[in-house]
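Worksheet for the structure shown next.
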Amino acid sequence: MATNGHFASLGGDSSDKTAYEHGVQVIDENKEFNPNLSKYLSIEDVTPAGFNYHLISVFGSQSTGKSTLLNHLFGTRFSVMSELERRQTTKGIWMSKNKNTEGSMASNILVMDVEGTDGRERGEDQDFERKSALFALATSEVLIVNIWEHQVGLYQGANMGLLKTVFEVNLQLFLKDKNTTHRSLLFFVIRDFVGMTPLKNLQKTLMEDMSRLWDSISKPAGLEKSTVHDYFDFQFYGLPHKGYQPEQFVAETKKLSLRFREGHKDPSLDAQKGEFSDGGVFLPEYHRRIPADGFSRYAEGIWDQIVNNKDLDLPTQQELLAQFRCDEILREVMVAFDEAIVPFEDKQSQAARLGEPEILGGLGAAMRTARAKAVKSFETEASRYHKGVYQRKRAELESKIDTRLKALFQGQLNATHKSGINEFSDAVTTAVKSGQKKGTGYDFAEIVSEEVKKAMEKFEEVARTTTVEGTSWSDYSQELALYEKELAEVSARLRRDEMRRLATRVERWVQSRLGESVGLEFNALGSGRAGGGAPETGDKPTEKKFWDRVWNVFVETVLDAERRFTDRASSFDASLEEVDVGLWRLRRKSWGVLRAKIDEEMIEGNLLLKLRENFEDKFRYDDAGVPRIWRPTDDIEGVYTRARESTLTLIPLLSKFKLSETSAPPPLDRWVGHTPSSATAADEEDLPPIGGVDEEEGKSLEEEMTILSDSKRQELIVRFKKAADGVYVEAKRSAIGGMTQVPLYFYGILLALGWNEIIAVLRNPAYFFLLFVCAVAAYVTYQLNLWGPILKMTEAASNQALAEGKKRLREFLESSDTGRQAIAMSASGSEQHEMSRLNKQGKAAASDEDGDDL
């Protein structure tokens, strides 16, 4: 059969499962650890077993049949010594998984075949013997001591030196970890047992030797009275001679193999009295509590300390192993965690860069699933290692996961916050516009209340579905409070904006009403038939109370507007302070509207026209409103003087806004009121200053009420007098023109020259009838005052006929060949003019010449 060296090369260099059919060389003869041990355990499906595996080591002298024993017990294929050559076969330490298919045996049994002691190849070198014993004791649950029956009672032959080493090593391990008593089972398999000496006697001999060995070793303080039974359990079994009794040997080994199963300690047995268990050999206290997936790393660390002659510290090795494996498991878990979470992180980052908040759907479920899966996977794989390291690494894992999930959670809340604020503002604005379009009215406060409720419910829904139970960062009460606060701020801003729009609408209404009402009052100035002395009552108001009427109209209009504003503002859930500010602004804006309307009406051209109309009404009409027809005998100068002076009294009346009852300006300062304490700078910045109200303006109330300055008033008087003089001259001319008479001789000449025609008309009935009809028509036209319109219509018709004739002539000239030739000849060296712009003399009209100048 091939040697172990052949197997070592296969186990070390090939990943093929067939290369490990003889097992794997864990440590070679040069004390080198095989890094392929983890690969072998994976191939044999031991790695996922967790704690559900068992490790057995076999000790004994070289060439005593250790490998043969293991092959028969566990179905392994360790190399055995050739019967023809007495030389070393097992080199270093080999391992193989139990291949025995007996169902009653424990699963995942790993067997280590340790190089035999007392071999000639190593001679006096006992270093490897000690190191291998220490390695086996640190890793194995059961130590099988393979001895022959005739060696019982001997020191060297019974491997007493090796067992003494085992005892010393065990104490060394105990000193490093006093909190744990490392128990192991020493299973003596007595080979070539013939039964001449009862097994009980052999047990007694071996136990006496064990006690002497234990007493002979040096013990640390506090352990002087300890016994070997405090650290080891013992079992014994005798096997027949393999060569002389092969069938019995096979049967007994099969029987012995059944004892390699999980068992329990029988408290009724007393080892010191020679009472030993013959049940299952694998007790829970024997297990080193190293998970299968970390065994190779643990074994490598143990061997590294042993081979470098360092004090073996199993707790430290277990912690180092736990540190290494927990880090590996943590990395593996985080890979799966990243696959689930990174897409959400990327989406959130991109949305943040674009400045477009996006609520990630399914984020909460993904976060909870990923976290639970990661923690569960880590717990399943890492909880089998050192408890302190596991707990520390689990806390580290949870910290890493929670840090990233918290960032996602906060980003989700921020996105919900921003989008919620935008949606809330848009929803309120849309609802308000919809109410305005329908014209049915709307309750702004109700709209805001409903939208706030929807926004809060949506935020809470997103936050609730994104939380991860059991985490401190899932408390979103602070974010919810901030969101509610900002909603309140936005609501207040929207309410202020809506009140501004309401104020604007009311101001436009005031402007419209004042423009109409005040315009009527100014238009009434053009009708002066009542005169300045009109009665106080009746349909003809006196001009002296002009400003009283304007002020009353203004106050009533603004009061009506204030009622409208207050009623509408109540639906906004506005505070009293906001309403006060709105009314205060409305009064100031309304005064500005009135003053602008007054200034518009008092433009010099408009005022002069109204003064002329007022004068003409007084001059051209009598007190009853009947038009005057001037005769030479009428007192034109007297009427003119009275009308002019009466109209001139309007100019000083209109120059200052004064009430007739008090002869003082209206109480504008009291009417506007003081600036409300709740008014902000933004509320005042668009308001024009008012004299007598705003102290910083520097204008008094008297100056604010001055409509016309003295210079403008004097200029207006001069211009009005000129206009009145023109009306007077026209009236004088009409009176004098009425005095012109046709000379009497003119009628005699007319009768003499037209006698024949008169006789012809009178004699001809047709002519006479036509003359009669014309006379009647002329009389009727005169009585109806239609001569003027008829003459105007006749003139307009003649002008239209002339324009149409010019147009037709131009079209004819442009469309005919003769006309185009004539136009071309007249155009050379002369100016061109449209025919429609020629005057009666055939020359260019003045407007045409002016256009050429531009």
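Backbone N, Cα and C atoms are what each Cβ position is placed from, and that goes for glycine too.
Feature coiled coil, per Swiss-Prot, maps to range 474-500 of the set 231-257, 339-365, 474-500, 501-527. The Cβ neighbour count for T64 (GTP binding site), using a 10 Å radius and every protein chain shown, is 23.
Counting residue by residue with DSSP, the compositional bias 'Acidic residues' (682-695) contains 4 helix, 0 strand, 10 coil. Annotation note: S61 (GTP binding site) sits in a strand segment as assigned by DSSP. A Cβ distance under 8 Å defines the sequence-distant neighbours of the coiled coil (474-500), meaning residues of its chain 6+ beyond its ends; these are 409-410, 413, 416-417, 420-421, 424-425, 428-429, 432, 444, 448, 452, 455-456, 459-460, 463, 467-468, 569, 572-574, 578, 582. Highest local Cβ density among the binding-site residues S61, Q62, S63, S67 belongs to S67, counted as other Cβ atoms within 10 Å over all protein chains shown. The binding-site residues G60, G65 differ in how many other CB atoms lie within 10 Å of their CB, and the one with the most is G60. Residues near K66 (GTP binding site) in space but far in sequence (CB under 8 A, at least 6 apart, same chain), listed by position: V58, F59, G60, T90, D113, V114, G116, N146.
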